[in-house]
């Protein structure tokens, strides 16, 4: 059963009437531009064809009722006229509550709603299931009440909800690509200005995501350490963020920095350049150059930012051995486990799947991957 049909059926069963609107917001994968977002840099994600779907309708009072189909049909209910606080034991509810609370702070002119939510964005894989949920809830309220909020505002609203209400530190990339994604395109995002440029993905190229199924330990503490090291490097150069440090400025005096801090800065500064070059390569259909840039990105994450782990490196090597210079592959996401992303001709998807299934468990003491074949998809809207 499709997510739309599932949410409609559950809505009618639990609320006793039919929904008036169905909204979707996608997950995402970042093709290149890792740990550049909080350095005011550039990223190149695309929305994927895994999404959160919400069946919804207005209410004629000030109550929000919400059902999570994927959490055994759990229900939450709260009033728009009372302070919105965290749910005592349903963590999923806090994403909904946070989005609604921050929408109120932006524009209080909306009433109650009934919502039924379901999604197929893999959780815990670094594919932004939480951003997909936040954008979907915001889009649902915007559509029901014709709120004067564009995609950027809905993305910022979701980020604020996650940072301030849920309590998870995140950049703007995940929400922005979920809100603004375009079919068959990646989106070059300037994380300082929030300006975007659509970049076409060649039609014969598949976006493949492979989850290493390595449990991501240390990710929060190491993430915070990397941020602090980047901020230290920016202070050394007297700039707001590493975005403002060019390679010409950095390389002649990198030896004056603490060696570890210099490595972290070298990754960010070179990754920004790679991301801009990758947007041009992808738009031109130059998969050989795109593959080279993705390979350099992975090496930089491994050696300078030090956020890959051996099973991830093995996975990248296995995929690279099959696709050669006909595509690209690298780790994607925060690091210390999670997923790799690969761009490859459709004809190579099954050979890659077979090679990974054969080699990955042998090289990693029995780990088994999860394989997703995706298409660059459109951002949030009705479905």
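Positions of Cβ are set from backbone N, Cα and C atoms, glycine also.
Taken from Swiss-Prot, the feature active site, proton acceptor covers 174. Residues or ranges marked as substrate binding site by Swiss-Prot: 34, 35, 36, 37, 223. The ATP binding site feature in Swiss-Prot is assigned to 124, 125, 126, 127, 128, 129, 130; the stated evidence is sequence analysis. Feature annotation from Swiss-Prot assigns Mg(2+) binding site to 130, 162; the stated evidence is sequence analysis. Annotated site 'Transition state stabilizer' per Swiss-Prot: 28, in sequence order.
On the structure: features taken from Swiss-Prot.
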residue : record                             : DSSP (3 states)
28      : site 'Transition state stabilizer' : strand
35      : substrate binding site             : coil
125     : ATP binding site                   : coil
162     : Mg(2+) binding site                : helix
174     : active site, proton acceptor       : helix
223     : substrate binding site             : helix
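Every protein chain considered, the tally of other Cβ atoms within 10 Å of the Cβ of the residue listed as 'active site, proton acceptor' stands at 28. In space, 174 is the closest of the recorded positions 35, 37, 174, 223 to residue 127 (ATP binding site), judged by Cα positions. The Cα atom of the residue listed as 'active site, proton acceptor' lies nearest to that of 28, taking the recorded positions 28, 34, 129, 162, 223 as the candidates. Relative to residue 129 (ATP binding site), the recorded positions with Cα atoms inside 10 Å are 28, the candidates having been 28, 36, 162, 223.
Of 37, 125, 162, all annotated as binding-site residues, the residue with the shortest Cα distance to residue 28 (site 'Transition state stabilizer') is 125.
Here residue 124 (ATP binding site) is positioned 18 angstrom away from residue 35 (substrate binding site), judged by their C-alpha atoms. Taking CA atoms as the reference points, residue 130 (ATP binding site) and residue 162 (Mg(2+) binding site) are 8 Å apart.
DSSP assigns residue 130 (ATP binding site) to a helix. For residue 126 (ATP binding site) paired with residue 162 (Mg(2+) binding site), the C-alpha to C-alpha distance reads 15 Å. Between the alpha carbons (Cα) of residue 124 (ATP binding site) and residue 162 (Mg(2+) binding site) lies a span of roughly 15 Å. Least crowded of the binding-site residues (125, 127), judged by neighbouring Cβ atoms within 10 Å of its own Cβ: 125.
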